[in-house]
Amino acid sequence: MTSSTESISTNSQNWVGIELSGIDTTDFEEITSENADKFRRMVEKEENENLNLNLNSNQNLNLNENQNENQNENRNENQNENRNENQNENQNENRNENDLDGFKDINFEEEYTDFYYFNKKFSSKKKSQNGSLSQSIFNLANTIIGAGSLSIPFAFKASGAILGTLLLVFSGLLAVYSMYLLAQISEFSNVFGYSELAKKAYKKVGSKFVVFCVFLLTLGASAGYFCFIGDLSSSIMGHYLDTKKTFLKDRRFLILVVVVLVCFPLTFFDNIVKLSLTSLISLLAVFYVGIQTVIKSSIYLHKNGINHQKIVYFNLKSDLFLAIPIFSISFICQINFFPILDRLANPTKKRKRFVILDSVGSSAFFYFFIGLFGYLNFYDETQGNVLLNYGNDPASIIAKFAMLITIIFSTPIIFFACKISFYQLFFSEQHPRKWKKIISILIPFFIALFIGIFVPDVVPIFGFTGALSGNIIVYLLPALFFLKLRHDIIYKHVPIGDDSNEIEENNGKNAMKDEGFDDQNHERKKSSSSISTFNETTNSNENLVLNQKTKEDEIVPTFMETLFLSRNNFIISIGPILLILYSVVSTVFCVRQSLIELKKSF
């Protein structure tokens, strides 16, 4: 009995794993014989349930750990994105501050900063999008119409009554098209600013070239304004001094006195906000001149009719190339185009097109009346400054005096951009010395003064300015920006909002992430097979990385291939290409004719 008990006890210990020494043998025999199998099954069932619970708990722990890892990864990615956005914002702010290149003491009010400073990015700061549609149209038309409208009648004389009208409409349509290209590429690339587009398209060289063009434009405009000051002041002094021959009526002497004593001290002002109030007075004075021209011409035509022997409808001679740059420079507003649209409330494409069309259309309408009626009043005797054709009646004297005052106080505003562009071309320190700021004022000012004194007519001045800088800013550069940036965005996958060094850093981060995908997948394959969602996400991420690599490995078509090999691209690009050809051809012929006219003036 003892041996049987020991054998059963060892077997039962192997089954159940418990001590049986404290159990009575008779009861034990009944348990082992009748209930041992049931007891064994019950214990095995409990063990299986415990094992399942342990497995489930381990799986839940793994899932929670993986979820926590993913949440941490997402948080890290969001933090990195926020850091990148903050870095980009800080870099954009630093760029805007560096663009001033040392003019840190300029105390602009926010309303006028964007208007007078041409080299500014407007995408990072949307401060006051509350400009109504009518305000935006008025502001853009105000930048278009200026004292240059006094030369529009001469442009009609140089081209003819009908051909001048056609050239005026054609120049206005080209200006609208160039602004349309700028608006399209700025929305596509998320870059708002003329100089910023140049920098993104052609790097530092493009930005410097735009600064150089603006320097030529403002230098020529300042010289032309000095010429206007001499003409108008000598005409007014001639009226009050009658026919007495005196140096007080001398044009060169009056330019030297008025410009040096009045305009020159104003050029040292860093805060020119108060001077900008003269822009409204200037616009009113120009409209007064236009109304006076239309009324006097209507009275003259009513009395005498049209002289068909003197009128020229189509002038296809070389003088035609003196009219083209005048029409081109009359529609320059591309530099101030972005800040005006930046303040437009609800800036939809339809509203932007409406602002462009209305402002250019109203300006062309005004140019047509002052140009045609001014030409029909004086025919071949029309001068470069139409006010010089009028006598000394009270209405004409008021018009001359009003234009003289507005030109005197508008010259420092124009010259402000001239001195900044000169400094950006020749100096690079962020905090310049005072003598460098003085040099950036003295050199361009006295160059413009020299031109205004010794060039007796404003026509060759505006001819050179319009041919060199006007055609380039209005027609050539917007077309080049559109073609270059469109090619880079579509085919090279270049994020226009980032710099090249930022792109390289992002590519390096993506490469590190690509290497990290393999390690993460290797670790996840070792984990439980129940975590299928994470495997699916890693597979999708791998596919995205492979797609990005295949895109990078694709052969990028060249600039010329995108223009001519694809029919759709050629249709889209034919407009900018024709605009470039027109700009280049007209620039060459207009510069040539301006040189001839300059020789005649001496």
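Just so you know, glycine gets a Cβ as well, placed from its N, Cα and C.
The annotation compositional bias 'Low complexity' is assigned in TrEMBL to 53-71. Positions annotated as compositional bias 'Basic and acidic residues' by TrEMBL: 72-101, 511-522. TrEMBL lists 130-486 with the feature domain 'Amino acid transporter transmembrane'. Annotation source TrEMBL lists region 'Disordered' at 53-101, 502-536. Taken from TrEMBL, the feature transmembrane segment applies to 136-156, 162-183, 209-233, 253-273, 280-300, 320-342, 354-377, 397-417, 438-455, 461-483, 570-589.
Tertiary proximity for the transmembrane segment (438-455) is limited to same-chain residues at least six positions away from its ends with a CB under 8 Å from its CB atoms, namely 215, 219, 222-227, 229-230, 252, 255-256, 259-260, 264, 267-268, 415, 418-420, 422-423, 426-427, 461, 598, 601. Same-chain residues lying 6+ beyond the ends of the transmembrane segment (209-233) with a Cβ under 8 Å from its Cβ atoms: 118-119, 147-148, 150, 194-195, 198, 202, 251-252, 254-255, 258-259, 263, 332, 335, 385, 387-388, 400-401, 403-404, 407-408, 410-411, 414-415, 417-418, 421-422, 424-425, 444-445, 447-449, 451-453, 455-458, 461-462, 464-465, 468-470, 472-473, 477. Here the transmembrane segment (162-183) has long-range neighbours at 155-156, 194, 197, 313-316, 320, 323-324, 327-328, 330-331, 333-334, 337-338, 341, 349, 352-353, 356-357, 360-361, 363-364, 367-368, 371-372, 375, 474-475, 478-479, 481-482, 575-576, 579, 582, meaning same-chain residues at least 6 beyond its ends whose C-beta is under 8 angstroms from one of its own. Within its own chain, the transmembrane segment (320-342) has Cβ neighbours under 8 Å at 114-115, 118, 120, 122, 126, 129, 131, 136, 139-140, 143-144, 148-149, 151-152, 154-156, 158-159, 163-164, 167-168, 171-172, 175, 178-179, 182-183, 186, 192-194, 214, 217, 352, 355, 359-360, 363-364, 367, 459, 462-467, 470-471, 473-475, 478, 586, 589-590, 592-594, 597, counting only residues six or more beyond its boundaries.
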